[in-house]
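Presented below is the structure to which this report refers.
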Amino acid sequence: MIDGIRETKECRLKDPMDLFSSGQVVKICAPMVRYSKLAFRTLVRKYSCDLCYTPMIVAADFVRSAKARDSEFTTNKGDHPLIVQFAAKEAQVLCDAARIICPFADGIDLNCGCPQRWAMSEGYGACLINKPELVKDMVRHVRSQIDNPKFSVSIKIRIHEDLKRTVDLCQKAEAAGVSWITVHGRSIEERHQPVHYDAIKIIKQSMSIPIVANGDIKSLKDAENVHHLTEADGIMVARGLLANPAMFAGYEETPFQCIQDWVDIALEHGTPFTCFHHHLMYMMERITSKQEKKVFNVLSSTSAVLDYLNDHYGL
């Protein structure tokens, strides 16, 4: 344990920018609250995921408390390339968090896209898209204070109703040295409306750094379509990977081998039961009947879940 960061075995740091210069579309697992933790990242990496993000971590808590560091962040030597996403609103706090994480991760990402009310009221997340000078300052600060030139600094944003403002924000971030930008193609107000892939394409055409497209990508076919629509350099997926962690490997629905892999990885990592069970509920959503869901979703212990999987699927 170093400064309240649990690290198993030695970290093998990588340069995430190498992925973007490979000429292939980079396949990325999104930062997901509670879900994109080490065990799940380990699973999706087995199925053709190129780059993983941690769940969003509040930088101020991370800097202030070793306990927060220990509970929020765990990694191991296979967990690379890895991007740690922070919520921050002050340049120096973000720098301090980046400095602590630098030996264990390949880059940080500033969350400028979370539309949740608590985040916005605290000055985090999507409200930052309306503060381009602050975002620019934060990126520039991290760039100047982290010695490792391979350590990436990215941002994840939503779009404005007036797209000129989004392009302006992106160009300011690029001038400050941002490595790439992930664009969720909805505004702060939009939740389930169709994603504006045309807006992502306009942003891509206005920039010379890599752009990652995000929003409503449920299958490898969707990912290919979005790549064609937006010309984005990478595709970031959240719920699609929860439902099918093998999606990037081309599976239409979660294969049984992937469910078996999740059980093995989760048990090895000591994943808490609720998280272990929730992931299985997502993965089995498309392959179980209503009746089976009723039984499976109320199971309340790891042994009950293992018995169920054994009895029904021979896992």
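Just so it is clear, glycine is given a Cβ too, placed from its N, Cα and C backbone atoms.
A quick note: this is a predicted structure, and the numbers were derived from the prediction, not measured.
TrEMBL has this to say about the protein:
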DOMAIN    29-292  domain 'DUS-like FMN-binding'
BINDING   P31, M32, V33, Q85, H184, A238, R239  FMN binding site
ACT_SITE  C114  active site, proton donor
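Residues near M32 (FMN binding site) in space but far in sequence (CB under 8 A, at least 6 apart, same chain), listed by position: P55, A238, L242.
Cβ neighbour count for V33 (FMN binding site) (all protein chains, 10 Å cutoff from its Cβ): 10. Counting every protein chain shown, the Cβ of Q85 (FMN binding site) has 25 other Cβ atoms within 10 Å.
Local packing around the Cβ, expressed as the count of other Cβ atoms within 10 angstroms, is greatest for H184 among the binding-site residues H184, R239.
Within the same chain, residues at least 6 positions away in sequence whose Cβ sits under 8 Å from that of P31 (FMN binding site) are Y53, T54, P55, M56, I83, Q85, D109, N111, K156. Between the farthest pair of Cα atoms in the FMN binding residues (P31, M32, V33, Q85, H184, A238, R239), the distance is 17 Å. Sequence-distant neighbours of the residue listed as 'active site, proton donor' (same chain, six or more apart, CB under 8 Å from its CB) are M56, A87, M120, Y124, G125, A126, listed in sequence order.
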